[in-house]
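S.K.: If you scroll down you'll find the structure; I have some questions about it.
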Amino acid sequence: MAGTSRNVRVLVTGANGFVGSHIVSLLLSRGYVVNATVRRQTASEKLIATFACDRLHVFVIPDLTSEQALDEAIRGCKYVVHVASTVPSKEQASGIDIDSAISSIESVMNSAVAHASEKVVLTSSMSTHLDVKAPILNESTWYTPDRSSTKLMVQYMSSKTLVERRAWELSSTLKLPLTTVAPVYIGGPTIIHEQDPKSSVSNQDLLRCIEDESRSRIPGWIDVRTVAHLHLHAIEDHSLNGRRILACTHNRGVVPMDCSLMNSLLAKDSAALIDFDRTKRDLLEQIDAFNSGQTRRVVA
């Protein structure tokens, strides 16, 4: 795989995020050249310090929605992975700017066409598949967005759904291949230099779940490293063009999900499948190390 990836350039937006940084790490390990975008200079410095690789090129782009914002970063990129997005925390005061999120995917898709990129992979969310009337979630199910809601999680789910819908519209009109990866809650270690492993919103939920899983209503989990591998498959496997990969490896049975596409990919890539116990163990060990062993250990 690394042989075919040599000198192939990939754009990764949101490269300093929990998922984005793992995608960058995997791409670099496979020989790709990575053009990474971040919003702030401090994030750029941490990304460079983390990987220290001459095949990583970091671009500070505060606003992906601005016209031609990606022109320099996307130049020469065969593939584009659009990760940039955040899961809202309960402490977040302001709502989610849905229009900006839609403008960002429009900017990414239009720039990809303008610079002859061959494919876009979009990090979506299980919530985009969440049709409450469907007996099981699958590639064809969709959440019904509600832009009028003041609830932060509804805004998030609506935003992710409207962004993905817009991406598919543009994929069709621009004749640009698209694959989406839609994970459930994501857990695991962080890799950015000096980043607190508890800083990820998903990891905060995972820690609460570990402390008392019986009280958790979270539908399922997947390891962040497995999510990165699914993005790599989406880049490299052209049979996945036009597909929506629903990703959950630890389904708690709260919401029935058809993850057969994901399972078929992981069956070919056994190293990518990280079980839930390892996710918990690796996260807890990293938290202990980050806090110099002062954190109370939670035994799963």
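Placed from the backbone N, Cα and C atoms, the Cβ positions cover glycine too.
Given the structure is predicted, the values throughout are model-derived calculations rather than measurements.
Quick paste of what Swiss-Prot says about this protein:
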type: BINDING; residues: 14-20, R39, 63-64, 83-85, Y156, K160, 183-186, S199; note: NADP(+) binding site
type: ACT_SITE; residues: K160; note: active site, proton donor
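So that I understand the layout, could you describe where these features sit and how close they are to other parts?
M.R.: The Cβ of K160 (active site, proton donor) lies under 8 Å from the Cβ of S85, A101, S124, S125, S127, T128, Y143, each of these being in the same chain and 6 or more residues away along the sequence.
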S.K.: Could you tell me which of these binding-site residues, L64, I186, has the greatest number of Cβ atoms within 10 Å of its own Cβ?
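M.R.: Of the binding-site residues L64, I186, the highest Cβ count within 10 Å belongs to I186.
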S.K.: Three-state secondary structure of S85 (NADP(+) binding site) from DSSP?
M.R.: coil
S.K.: Which one is it: of the binding-site residues G17, G20, which Cβ has the fewest other Cβ atoms within 10 Å in this structure?
M.R.: G17
S.K.: Under DSSP, is P183 (NADP(+) binding site) helix, strand or coil?
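M.R.: SS state of P183 (NADP(+) binding site) = strand.
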